[in-house]
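Engineer: Quick one: the structure is below, questions incoming.
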There are 2 protein chains.
Amino acid sequence: MARKTSLSGFPEWLPEERLVELHVLDVLRETFELHGFSSIETRAVETVGQLLRKGEIDKEVYVVSRLQEDEDAPEKDDARLALHFDLTVPFARYVVENGGHLTFPFRRYQMQKVWRGERPQEGRAREFTQADIDVVGDGALPFRYDVELALVMIDALSKLPIPPFVLRVNNRKLAEGFYRGIGLQDTAGVLRNIDKLEKIGPEKVAQALCDELGASPEQARAALQLASIRTEDTSFVEQVRALGVNTQLLEEGLQELAEVVGEASRRAPGTVVADLSIARGLDYYTGTVYETVLVGHEQLGSVCSGGRYESLASTGKKTYPGVGLSVGVTRLVSRILSQGMAEASRKVPTAVLVSLVDEESWSQAQDVAGQLRARGVACEVSASAAKFGKQIRYAERRGIPFVWFTVRAEDGTLSHEVKDIRSGEQFSADPATWTPPAEDLRPVVRSAGA
Amino acid sequence: MARKTSLSGFPEWLPEERLVELHVLDVLRETFELHGFSSIETRAVETVGQLLRKGEIDKEVYVVSRLQEDEDAPEKDDARLALHFDLTVPFARYVVENGGHLTFPFRRYQMQKVWRGERPQEGRAREFTQADIDVVGDGALPFRYDVELALVMIDALSKLPIPPFVLRVNNRKLAEGFYRGIGLQDTAGVLRNIDKLEKIGPEKVAQALCDELGASPEQARAALQLASIRTEDTSFVEQVRALGVNTQLLEEGLQELAEVVGEASRRAPGTVVADLSIARGLDYYTGTVYETVLVGHEQLGSVCSGGRYESLASTGKKTYPGVGLSVGVTRLVSRILSQGMAEASRKVPTAVLVSLVDEESWSQAQDVAGQLRARGVACEVSASAAKFGKQIRYAERRGIPFVWFTVRAEDGTLSHEVKDIRSGEQFSADPATWTPPAEDLRPVVRSAGA
């Protein structure tokens, strides 16, 4: 991002950059719908009480209050409003509230802005767009959806103008079952430390496991051994078994992870890795966890993450278990733009500028434009009858490929010509039938390599 | 809106309702692009200082602050952040900041949520979506754009599943020139009172003009006479002249309004009215003002408003005059839904449910689904090999029109059949070529009358 924005952490795109973002959003929407996901949106605000259920995140929340709110009678914390920081917690609330109106398993996609009051840095904004898919069941949700959602995201990401990616998958049951099997009971604590592996390295993690959680050096070593396993197929199962730990939960986790990695690596070889170091920070995951890195851009962090949650959406009586994945659209688009991975074929939707011969011809030029638009050709009409050279330069500056000329002969008949201002070619054309070549009809976003 | 949402003023749609909203947004986007408008988005927050420049609106602003913000060192008011309450003020700020990167006249559309801390009531939400178009010039902007923007909006609104509408147009120069001509200098004060005409009636407005602004009964009567003029063509010009007032500003306003109404009523007869009572509350309008009502739903208020502003976007050195219109998407969609004006042909994007013969066939069913999706057919795969009757009922409940069956013969060959579960008709089909009838390919939003 060469251009500085006026508020750090709140990126805004120029029109030609926005075309790249729109392309990413359109591809995601199209793919999610092809897989049967319905669109919903939730309100931008939740109650603070609802948001803090998730824990660990209270520092990052933006609270919202009316400028003139009665300062003597502030709302209680539970009723205060704050901007959502992801789309999973709001979705869970939506499902609980609308359970009676939805058909389960409920498949939805949701593409919206979220806000986090974090310190802005490369790849980490305060306002950014996420694109989520989730499936939730009423009471139960077959494990198969954990496999399916990975496949949907692989399909979606494959269609974007981004480098090759790797979906890293792990399973909380596997990890927790293993830790319990070696005698570490604070499994959340172990996961929290394993999560720092990439940042601080194995020695410091081992030290922290011993210091903070009272692990023995052997226990710490075993936990790190597990976290070092990484395979592109289901061979991780044998590697874990070779560590000699055996619990029911571990076995369940091994089977689940093998099902995801086996099926995904069969259908999309090379895009999936069983990575037993993946922890994901969020408390609500209970089984499969996913994250995704762009090859060669691992430092950017995960661009698509998620997992299985058994009880995030729950009333007293009912539970709606779910599994979902979230694309970091802003993070992806920022990287696409800053590295020039893709760009739009032109800056504006307009394919044709309808020029004016004289000031009186404006309304007639609107008729021509109307005929073209009726066939899906985007056009603008010149606002004034400047010299043709000036009208052509205006089109050039805006990146409009064609200029339309209408001339009235002395007997009143109209003749039309259209000029491709890139080649200079000019030919007669009928506003009732002429269409630009397909590749010029709309701006197209192309990979830089393509 | 029969269903109650959990937070008053923050509407949320069910998936089938969201399809109607998406349809409205898609039609607007498509139309705006056909007219050469580029998409941009601005951040959800502005500084409070920026927002309050507009005046009169401070009560309605939602301030945003981090939950853990240092309470001893609160930000100064100018630097504090608040959610934007419209898209015009943020757009003006965007233009000033990015002036060097844009090509003028700059045409943009912007469809985003905005927030106002007002008392929620029918047609008035605290969070709602607006869809704006604006054109801004660098230093100057031909008046012709005031005509063009009205035409673009008439085109866009005509394509929506809503009742007939009337675009009411007035001109600030006309009104101000007239008030000055009859000796009323506080033209903003007069406008503010005229704005209440529909709500409190002419007697009370006349009273207020006399009491608050020191108008004589004759001046009040003249102001009300002007406000009572309403014509579907340019005959308002003669009616105003008949009132015997004559100023330069009034003459300019008459000419401008005649140009908008003349051209628009010629191109779209019956959709435009010169309505000299239209005031629009916002300080920044300087010429043309627009508002739009649905015929028979006048009480809903305006569903599309805007106007010309000469100096909203301005640095010390440069001014970017503009003209724009804003569609109240949430207000429109709420009314469409509550009155059943339109609905989606089905609830889900899915056209085909690919069923499972047995648990082992899931991966093979994914192959079939992949072939269908490659041709744009949205499908889901059953998550378990329940009895066919149960899988069909699942499709029925979700509104999926087709169920796909794959059977493996004893010699290993596969045969495929697809069932239209509405008619019960079942026929053999090839996953490599079969496509549903065009009207079943995607959910379609239709007017109730259609």
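Heads up, the Cβ atoms here are built off N, Cα and C, so glycines get one too.
Curation plays no part in TrEMBL annotations; they are all automatic predictions.
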Engineer: So TrEMBL lists A:Asp86, A:Leu87, A:Thr88, A:Gln130, A:Asp134, A:Arg280, A:Tyr284, A:Tyr285 for L-histidine; which of A:Arg66, A:Arg116, A:Arg241 goes with them?
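Structural biologist: Of A:Arg66, A:Arg116, A:Arg241, A:Arg116 joins A:Asp86, A:Leu87, A:Thr88, A:Gln130, A:Asp134, A:Arg280, A:Tyr284, A:Tyr285 in the L-histidine site that TrEMBL records.
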Engineer: I'm validating the feature mapping. Which of A:163-186, A:355-378, A:427-450 is tagged region 'Disordered' in TrEMBL?
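Structural biologist: Within the set A:163-186, A:355-378, A:427-450, TrEMBL attaches region 'Disordered' to A:427-450.
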Engineer: Do you know which of the binding-site residues A:Thr88, A:Gln130 has the most other C-beta atoms within 10 angstroms of its C-beta?
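Structural biologist: Its Cβ has the most other Cβ atoms within 10 Å: A:Thr88.
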Engineer: If you count, for each of the binding-site residues A:Arg280, A:Tyr285, the other Cβ atoms lying within 10 Å of its Cβ, which residue has the minimum?
Structural biologist: A:Arg280
Engineer: For the region 'Disordered' (A:427-450), how many residues does DSSP put in helix, in strand and in coil?
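Structural biologist: For that range the per-state counts are 4 helix, 5 strand, 15 coil.
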Engineer: Between all pairs in A:Asp86, A:Leu87, A:Thr88, A:Arg116, A:Gln130, A:Asp134, A:Arg280, A:Tyr284, A:Tyr285 (listed as L-histidine binders), what's the biggest Cα distance, rounded to the nearest Å?
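Structural biologist: Greatest Cα-Cα span of the listed binding residues: 21 Å.
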Engineer: Where does A:Arg280 (L-histidine binding site) sit in DSSP terms: helix, strand, or coil?
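Structural biologist: Note: A:Arg280 (L-histidine binding site) is coil by DSSP, not helix or strand.
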Engineer: Tell me, how many other CB atoms lie within 10 A of the CB of A:Asp86 (L-histidine binding site), whichever protein chain they belong to?
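Structural biologist: Its Cβ has 18 other Cβ atoms within 10 Å.
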Engineer: Helix, strand or coil by DSSP: which one applies to A:Thr88 (L-histidine binding site)?
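Structural biologist: In the DSSP reduction, A:Thr88 (L-histidine binding site) maps to helix.
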